[in-house]
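Residues annotated as domain 'G-protein coupled receptors family 1 profile' in TrEMBL: 30-282. The transmembrane segment feature in TrEMBL is assigned to 12-38, 50-76, 88-109, 129-152, 198-219, 231-255, 261-284.
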Amino acid sequence: FLMIGIPGLEAIHGWISIPFSSMYTVALTGNCLILLAVRRTPSLHQPMYFFLSMLALTDVGLTLSTLPTTLAVLWFDHRLIGFNTCLVQMFFLHSFSVVESSVLLAMSFDRFVAISNPLRYAAVLTNNVILRIGLAIMARATLCLFPVPFLIKRLNFCSGKNFLSHSFCFHPDVMRRACDDITINIRYGLYVVLSTGAIDSLLIILSYTLILHTVIGLASPRERVRALNTCVSHILAVFVFFIPGITMSMIHRFGMHLPHIVHALVAYVYLMVPPVLNPIIYSVKSKPIREAMLRV
């Protein structure tokens, strides 16, 4: 395959590489600082911060899954990617997206338990339970995405349709370069989206509905504000991840008439903005995380 990068802007890829490189640097530095801060600060060895570490680790993986090919295209104009390498990148890219969605769901469950039943919070979310949740998230992503490379590999690709609209291998983009019938690929892709992101977003909404019901029942207005403040960072992280994700899904399903650059830019926002903004959100809104990161 030949990766276009950003369609129509190939002549200024060198300049575009500056903000892209900056975003990759911020994403990797910020998320690695969170991981080090949680590991080195005993007071942060709590369920909330363990889930935050999962989110940071996922963001590192998501960043690294697109970084090599994106910078190769923008810096060195190296556009060629082998078929098997493309499949591997596709698997990890989409797997980390599913993991991020699942971690955000787990974090909403953490907030629900912390607010609705604070006295049993530590007893419910023990280290063993958190480890099992992490393993379940990894297993879910692996099982959901495992068939995707094989469904792509069975297709025949025409020699004149090997141009990708991104600087990485994105499943909707790759499958539409095939000359065969891709109905199975489309249906399975839709199944993955509905069984992961769609269900996760609905369960997150349910969690916050129950949280609001609990908060309204609190006697003191100060307690209500305090309880909701513990959720602000997570709510922002949910918006940052799911809004671009939903937009991208809608464009790939119903916006095929739109220019290629729109598809490319939405995909870049979906894959690059959450890893950049999540560390900023949590460092600004969470004083313990901010102080621990500064000490690191």
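Yeah, the Cβs are placed from backbone N, Cα and C, and that goes for glycine too.
A TrEMBL annotation is a machine prediction, not a hand-curated record.
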The transmembrane segment (231-255) touching the transmembrane segment (12-38) per 3+ Cβ pairs under 8 Å rule: no
Cβ contacts under 8 Å made by the transmembrane segment (88-109) with residues that lie 6+ beyond its boundaries: 48, 51-52, 54-55, 58-59, 61-62, 65-66, 69, 81, 133, 137-138, 140-142, 144-146, 148-149, 152, 168-171, 174, 192, 196-197, 200-201, 203-204, 207-208, 234, 237-238, 241-242, 245, 271, 274
Residues from the same chain, set at least six apart from the ends of the transmembrane segment (198-219), whose C-beta lies under 8 A from its own: 101-102, 104-105, 108-109, 111-112, 115-116, 227-228, 231, 235, 238, 242, 246
